[in-house]
Amino acid sequence: MASASSFQLMILVIQCLAALSVSHSTSVHFFLHAQVWAGSFCASEKGCCFPNTGMVSQEFTVHGLFPCSSSGTRLMNCDRGNSLDLSQITGLLHTMQRKWPSYSCPSSDSTPFWAHEWSKHGTCSLSVFDGQYDYFKAGLDLKDKVNILQILKQEGINPDGQYYSSERITRVLQIATGVTPALDCTVDKFGKYQLYQVMFCVDKSGSEFMDCPVYPEPTCPSIIRFPPFRGSAAEGIYLRS
């Protein structure tokens, strides 16, 4: 009897864990769409490497599309057994190489980065998107809705290594898009705060920008640097091979 009871208890635990996993994957209340500035990635202590598929666009590129709960918590790793299948996103690969590349070293074709994003974030979005193609296409479509670099340049905010008000950057993007973004900053190898990425909240359909129900914790001081990105070297910070 003890053995049978133990077996039944084990089955119950497995069922509860499975139910918990499903609930995590279906509790998306909104998304965060993050676009990263390669100049800041390259100015970090680790440096950067271009994808071996070729040069990338000198613009903000997609970091990820992160599903969030009602409290703003990012939902992650909902189905570790659901791995990236490149055959499902063949029609997107050329665009992803330019607009959703990896800058991590060593150089790759960005597949490990996409696999990471799918496993960590995409698997928690299956209540919204019908598979991998729809998830990555949504990330690309959102990127095409807003040209961050163009908006900033039009207002005299250029990636020239100068310092700008983080409040002004936020305001310029808010006026242009109608929603208030969140800025994310990192520290470069010289200990200076720099604009790393811009994040916009997206409605639960994964298609329209919105003001954030809950904003991420601020990481930027009042004045931040906007480093250059010239494709091979920036102020003596060279790409690693």
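Cβ atoms are placed via backbone N, Cα and C, with glycine included.
The annotation signal peptide is assigned in TrEMBL to 1-18.
Summarising the annotation, TrEMBL assigns active site to H63 (among others). Proximity of H63 (active site) to non-local residues of its own chain (separation of 6 or more, Cβ distance below 8 Å) is seen for A34, Q35, V36, Q197, given in sequence order.
With a 10 A radius on its CB, E117 (active site) counts 22 other CB atoms from all the protein chains. Under the heading active site, TrEMBL lists E117 (among others).
Annotation comment: TrEMBL describes H121 (among others) as active site.
Shown in sequence order, G64, L65, F66, P67, R74, L75, M76 are the residues of the chain, 6+ apart in sequence, with a C-beta less than 8 angstroms from the C-beta of H121 (active site).
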